[in-house]
Amino acid sequence: MTMALNLAHQTGAAAAVVAAPAAPRSAVIAAAATVAPSAAAPVSAPALQMQTVTVDPAQAPDAAVKPDLAMACQALVEGSAAPEAEHADAAAAEARSRAAGVPVFVMMPLDTVRKDGSGLNRRRAVEASLAALKSAGVEGIMVDVWWGIAEAEGPGKYNFNGYMELMEMARKTGLKVQAVMSFHQCGGNVGDSVTIPLPKWVLEEMDKDQDLAYTDRSGRRNYEYVSLGCDALPVLKGRTPIQCYADFMRAFRDHLATFMGNTIVEIQVGMGPAGELRYPSYPESNGTWSFPGIGEFQCYDRYMLSSLKAAAEAVGKPEWGNAGPGDSGGYNDWPEDTPFFRREGGWNTEYGQFFMSWYSQMLLEHGERILSAATGVFTASPGVKVSVKVAGIHWHYGTRSHAAELTAGYYNTRHHDGYVPIARMLGRHGAVLNFTCVEMRDHEQPQDAQCRPEALVQQVAAAARDAGVGLAGENALPRYDETAHDQVVATAAEKQAEEERMVAFTYLRMGPDLFQPDNWRRFAAFVKRMTGAGGARDKCREQVEREAEGVAHATQPLVQEAAVALTN
């Protein structure tokens, strides 16, 4: 499969075929994505005190590892595997790293932990992979902590055994960890190579009351994530969704207390489908949506409609509270196909402004509630940052209405900045804004779809600076070519002012393709350029690449082992 069609991405609607600038609309079949804006003032979060029932983690199983591999791992990480004893040391190390460049993390496979939570899939491959990543200068890894795995047995019954095994392995290797609190379903988005549904007991409640699921105008239900319309209602076996998320995070913190702040340095809090703060406006399951469709509003469950009705009555326009815009088209329409999103459409009327303000406000308040819970849990863990992912919806960004962003909940138009309110909300909680599509260039995207990933990244970066929050990045698609690497380095690392550099970059994704010889060599050079290791920023590109050749050669046995084990 070609690079352009390699679509593994855990978080966001991503999918892209690089099209020539003059490509006709009919030629636009699939392309990349992931962005977002939003606006509105938040509300204070309710008190989230709830007794957590925990289970004692079992001992991680000892998997057989070949002696030569074990020796290679030990040799590669000798002297760097000891965990930092003090959080102050971790902070100092981070400051030094920040001064040098941008630390690079690598996303782990979606199915790193077994579905029963008991341990790791492909343990030997994980061990070899981590050792290879460490030798290349990678700062750490990112892993999804799936709600559907760790609390699968019943409300308040947690099993973090597999994750504990991974954290121990990362600590011994000398790698940091970004842990994603994944409260969404895996499956239904581009790159979702496995299916991990929400916990069975949650789905039972959603089956009993289908309005707990996001719903579109046609009544189609989406089971990727519990509707934010019922955030504060005790609809999940007597607990509210926010209480469930808070209890889960608290249990994770308690079970993995010895890793917090030294190995686990970041908690990314899932807030919607694909882990992103957005509505499921562009679901790919069952062919519902395909790039570059504008998507549909997700406000038709009875809880969302109740809120809309109250908001309309509050502004003296009760007729606006019965439903969302009736002329906003379908999932695969283009803006000009619809009266609401066309150039001078309903989006820019008094009604459109009311609806979009309400719709985006609901998303912001959802984010505020979860962040309040998360910061309340992790404040007791010095050295641990909290972050939130915002989707990179770059298609139709060049139009006036930004239709695809609007249906996702980002009130970003030609006349309204949707990212500043999100950044300011994150700033109130000291959270990092994690954004994607950093590797994309405008001219690589279908021009007739008005894709503007570079302008979008610039807008989000400006919003983060305005709010005084750290900006982290990811690539939306698996890319192993130097063109993509150049774009990431230019966007994330090559900044004169330290405050303009990204605080971290997470590379999508660890797998057999990454460990192919040419890809691995280019990746090693990329890490050197990002981090500035060995004065890479002051060296010519050829010199950095020569040094990367040395890394690739030294790690060849580990890389070959990892590639084979990950493939099987």
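Heads up, the Cβ atoms here are built off N, Cα and C, so glycines get one too.
Of all Cβ atoms in the protein chains displayed, 29 besides its own lie within 10 Å of the Cβ of GLU276 (active site, proton donor). The feature active site, proton donor is assigned by TrEMBL to GLU276.
Its Cβ placed at the centre, GLU474 (active site, proton acceptor) has 28 other Cβ atoms within 10 Å. The active site, proton acceptor annotation in TrEMBL covers GLU474.
Residues annotated as substrate binding site in TrEMBL: ASP144, HIS184, ASP192, LYS389, HIS394, THR436, ASN475, ALA476, ARG509.
The most crowded of the binding-site residues listed here (HIS394, ARG509) is HIS394, judged by how many other CB atoms sit within 10 Å of its own CB.
A Cα-Cα distance of 13 Å separates GLU276 (active site, proton donor) from GLU474 (active site, proton acceptor).
Between the C-alpha atoms of ARG509 (substrate binding site) and GLU474 (active site, proton acceptor), the distance comes to 10 Å. Here the C-alpha separation of HIS394 (substrate binding site) and GLU474 (active site, proton acceptor) works out to 14 Å.
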